[in-house]
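What TrEMBL records for 30-52, 58-80, 92-111, 117-138, 150-173, 179-203, 241-268, 288-309, 321-339, 345-363, 383-403, 439-458 is transmembrane segment.
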Amino acid sequence: MPDAAGEPTPTNPPAAAEDRHIDWLPAGSWILYDLANTIYAAAITYVLMPYFSDTYKYYTPIGVTQTLTMIASGFAVPMMASICDRTGQTRLYLTVFTVICIGSMFGWALWTTEFALLAFLAIGGFAYQNSLVFYNALLPSVAPRSRTGLISGLGVGLGYSGTIVTILIALLLTKYFGLGFKATCGVCAALFLLTALPCLLFVKEKRHIDRQPLSWEVVRERGADLWGTIRAMPQHRTVMFFFLGNFFLVDVLNTAILYFAAFTQVIFKAQAEAGDLFLFGMKFDQSSTFAMIMGLALCSLALVFGSFSGWLSDRIHPLQVLRGSGWCLLVGLVGAILTGGKSPALYLLTLGGAGAFGLAGIWTSGRKVLLLVAPQEDIAQYFGLYGITLKLSVIGSTTFALVSDTIFRSEKAKLGFEVAQTQAQKIAVDLAHSHSQKVAIACQLIQLLLGLGLLYVINWRDIPDRDLDDVIAAEIPTA
């Protein structure tokens, strides 16, 4: 049955009768899907956002679209969780949402008007976010409970590869084959389909489900339970401050991920056009290529730092790791503002180094902190709420877009010309665009500091030690 927050809760046979054997055909297919859906997320950051920025020069429509899509997805979670646990048709709905998501990517390859790009982003984003509910609900069907950590970890690791594969595809198609946005989207969509197919074909629902008709009454009950969990939050101040602090940290993190490639491309564009963009002796004629190389470095470092931050969270208190990760993200963003468009090496060191640890550490340590601070008898409800808040942490994407666009229009008006005709005028426009984005990133620092301040309200020494094996055994929802 779904938990009180609306997330599907895996149902497994008693531990005593559990078989530790893993059938690697469905398990491997499930793991491969993690790479598949990461291709979609990476395509937004490294393909769609840079194209939209370069073509339309402003972000507000895409920022608002992303925010509204994520909010709608967050509120749809209780209904999707009920579908998982009432119908027993998890794979069917995973297939439907996956096909819709892939179809939206093919839509980008066919129609590139502003309205079409935004419409397919909204449709695909909603399908992508809700497909994760069904995908995670299938985890107990591919591995016994004692081995779900192994399978899930392999999926996460392979998921990072999806980002790397997407960046490499974009690099090869644009730089070496001279193909553009449409071809890149088409190839990424085809690869998404190819790597998702095994999961859609070979993974079957094995949970013991008491199939019942799905009704709006059930969905309303889940929503009421969720609201009850939120209203009870002030009674658990440590949990409340964690949720608020983590919300702001994740919001800034989501914004940085969404705009990373477009931001890097814009702030180094003037340097590239002037022929001065070098990194370790390598010259970049286009800032878009440089942005993809930075993406490869960021993703590779995040993969390493993810494992390290997980190890560190087992050695010291995870709240300290979460705080430290927040400070690393702060260093990365400040470094991006100060070194962007000036020093590619320092940009890599700050945003690529410190920022990568912040990215990995916030995701890794946040879940473990919740394991320690949430009331043990309500752990499933709070994890359900945690999953929803991660989807709702998207205010920053609209804030960034509004600030950047407002300042860019103002700076461009001061230049005194409508269309850049000369190389000097083009560089002037690029510098104005770069300045506007740096100010937008600087505004994110306020939110990041607010999140860190809320986390420092919590005294980690007052958090009781807890046997996490006992907590995890309490059937925490996987979605």
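Every residue gets a Cβ built from N, Cα and C, even glycine.
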Selected stretch (most C-beta pairs under 8 A with the transmembrane segment (439-458)) from 30-52, 117-138, 321-339, 345-363: 321-339
Segment-segment contact (the transmembrane segment (241-268); the transmembrane segment (150-173)) at 3 or more Cβ pairs under 8 Å: no
Long-range neighbours of the transmembrane segment (117-138), counting only residues six or more past its ends (CB under 8 A): 7-8, 10, 30, 33, 37, 40-41, 44, 48, 52, 61-62, 65-66, 68-70, 72-74, 76-77, 80-81, 83-85, 90-91, 93-94, 97-98, 100-101, 103-105, 107-108, 111, 199, 203, 205, 207, 391, 478-479
Sequence-remote partners of the transmembrane segment (383-403) [C-beta within less than 8 Å, at least six residues beyond its ends]: 2-7, 58-64, 66-67, 70-71, 73-75, 77, 81, 129, 226, 229-230, 243, 246-248, 250-255, 258-259, 366-367, 370, 374, 436, 439-441, 443-444, 447, 476-477, 479
Of 58-80, 150-173, 288-309, 345-363, whichever stretch has the most CB pairs under 8 A to the transmembrane segment (321-339): 345-363
Outside the transmembrane segment (150-173), six or more residues from its ends: residues with CB under 8 Å to it: 22, 27, 30-39, 41-43, 46-47, 139, 142-143, 179, 183-184, 187-188, 191, 289, 292, 295-296, 299-300, 302-303, 306, 478
Folded-back contacts onto the transmembrane segment (288-309), same chain, C-beta under 8 angstroms, at least six residues removed: 45-46, 50, 54, 156-157, 160, 163-164, 167-168, 170-171, 174-175, 260-262, 264-265, 268, 272, 277, 279, 321, 325, 344, 347-348, 351-353, 355-357, 359-361, 363-365
Candidate ranges 30-52, 58-80, 92-111 - greatest C-beta contact count to the transmembrane segment (179-203) (under 8 angstroms): 30-52
